[in-house]
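Chemist: Pulled these features from TrEMBL for this protein:
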type	residues	note
BINDING	GLY21, ILE22, ASP23, GLY24, ALA25, GLY26, LYS27, SER28	ATP binding site
DOMAIN	19-205	domain 'Thymidylate kinase-like'
Amino acid sequence: MGDQLGNKLDNQAGLFITFEGIDGAGKSTHISFVADALRRRGVNVVTTREPGGTALGETLRGLLLNEKMHLETEALLMFAARREHIAQVIQPALDAGTWVISDRFTDASFAYQGGGRKLDLSKLNVLEQWVHPHLQPDLTLLFDVPIDVARTRLDATRILDKFEQEQSDFFTNTRNEYLRRAAEFPQRFRVIDSTRSIAAIQQEISEIIDALCKQAARSDLNDSH
Ligand SMILES: Nc1ncnc2c1ncn2[C@@H]1O[C@H](COP(=O)(O)OP(=O)(O)OP(=O)(O)O)[C@@H](O)[C@H]1O
Ligand SMILES: Cc1cn([C@H]2C[C@H](O)[C@@H](COP(=O)(O)O)O2)c(=O)[nH]c1=O
């Protein structure tokens, strides 16, 4: 969250926060907590998700989570849904000064299609450059748990979709690619140990959000000088 964030705040643009992690890591549990915390501070926030977030994106989500397809088809459809999501939801909100919290974004494509399915990362880099050459999250919270913990949580709660039915190797590779990206982009990633209690995790997230809001406030102060 360095100079790039400073420039965005100077321009009064909204901030883009993404939540990532393997299925069952617990990320969705914390989205409304963060949105509410920001709203209490007077920040306009929209929450959204990928794949999805638009009517077309939700239709594509139904296919992606339920139909078998070639791994490149899967990657292309993820980015097609993302293109629509950026055009209709993410970019207009950020331009209007609204903060966007998205349950997953492009890191998920690198982790799942790249790490999990072994699609060549260079192909994902091309898609990323095509679909959003100038847009990156300002903050990415990566909820990290060992795969057996995630599996136990999922098994206890719901019918599993196509991804959630994958074998442990798939999730090991997906998790490793997430952690590799967190190490590659330390400025925007915060890795959250999601094996802890929900209360302990929310305490850590509160501190991260506090720091982000203080940075935003300092930037506003500088603008008024
Ligand atoms: N820290 C935690 N400790 C114990 N259980 C948790 C914790 N966090 C989440 N859970 C539970 O684990 C289950 C999965 O959580 P959640 O839906 O938030 O995961 P997710 O990472 O968003 O999964 P997916 O990506 O598949 O939607 C839920 O039943 C949730 O209540
Ligand atoms: C954006 C994105 C998502 N996925 C996968 C990851 C999950 O298994 C599902 C979404 O389900 P969730 O319960 O809403 O997390 O889609 C993916 O493989 N690639 C992506 O780019």
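Cβ coordinates come from backbone N, Cα and C, glycine included.
Curation plays no part in TrEMBL annotations; they are all automatic predictions.
Just so it is clear, the model here is predicted, and its values are computed rather than measured.
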Chemist: Taking DSSP three-state, what's SER28 (ATP binding site) in: helix, strand or coil?
Modeler: helix
Chemist: Where's the emptiest Cβ shell within 10 Å among the binding-site residues GLY21, GLY26, SER28?
Modeler: SER28
Chemist: Given the ATP site residues GLY21, ILE22, ASP23, GLY24, ALA25, GLY26, LYS27, SER28, which other residues of that chain have a Cβ within 8 Å of the mean position of their Cβ atoms, reported in sequence order?
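Modeler: In sequence order, the nearby non-listed residues are PHE143, VAL145, ALA150, ARG153, SER194.
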Chemist: Can you give me the average pLDDT across the domain 'Thymidylate kinase-like' (19-205), rounded to a whole number?
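Modeler: Averaging the confidence scores along the domain 'Thymidylate kinase-like' (19-205) gives 97.
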Chemist: May I ask which of the binding-site residues ILE22, ASP23, GLY26 have a CB within less than 6 Å of any atom of ligand 1, listed in sequence order?
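Modeler: Going through ILE22, ASP23, GLY26 in sequence order, those close to ligand 1 turn out to be ASP23, GLY26.
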Chemist: With respect to ligand 2, which members of the binding-site residues GLY21, ILE22, ASP23, GLY26, SER28 satisfy a Cβ distance under 6 angstroms to one of its atoms?
Modeler: ASP23
Chemist: Tell me the Cβ contacts of ILE22 (ATP binding site) under 8 Å, same chain only and six or more apart in sequence, or just say none.
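Modeler: Sequence-distant Cβ neighbours: ALA111, VAL145, ILE147, ALA150, PHE171, THR174, ARG175, TYR178.
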Chemist: In sequence order, which residues at least six apart in the same chain have a CB under 8 Å from the CB of ASP23 (ATP binding site)?
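Modeler: Residues satisfying the criterion: ALA150, LEU154, PHE163, GLU164, PHE171.
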Chemist: What count of other C-beta atoms do you get within 10 angstroms of the C-beta of ALA25 (ATP binding site), across all chains shown?
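Modeler: Result for ALA25 (ATP binding site): 26 other Cβ atoms within 10 Å.
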Chemist: Return the residues near GLY24 (ATP binding site) by Cβ distance under 8 Å, restricted to its own chain and a separation of at least 6 in sequence.
Modeler: VAL145, VAL149, ALA150, ARG151, THR152, ARG153, LEU154, GLU164
Chemist: Including all protein chains shown, what's the count of other C-beta atoms within 10 A of the C-beta of LYS27 (ATP binding site)?
Modeler: 20
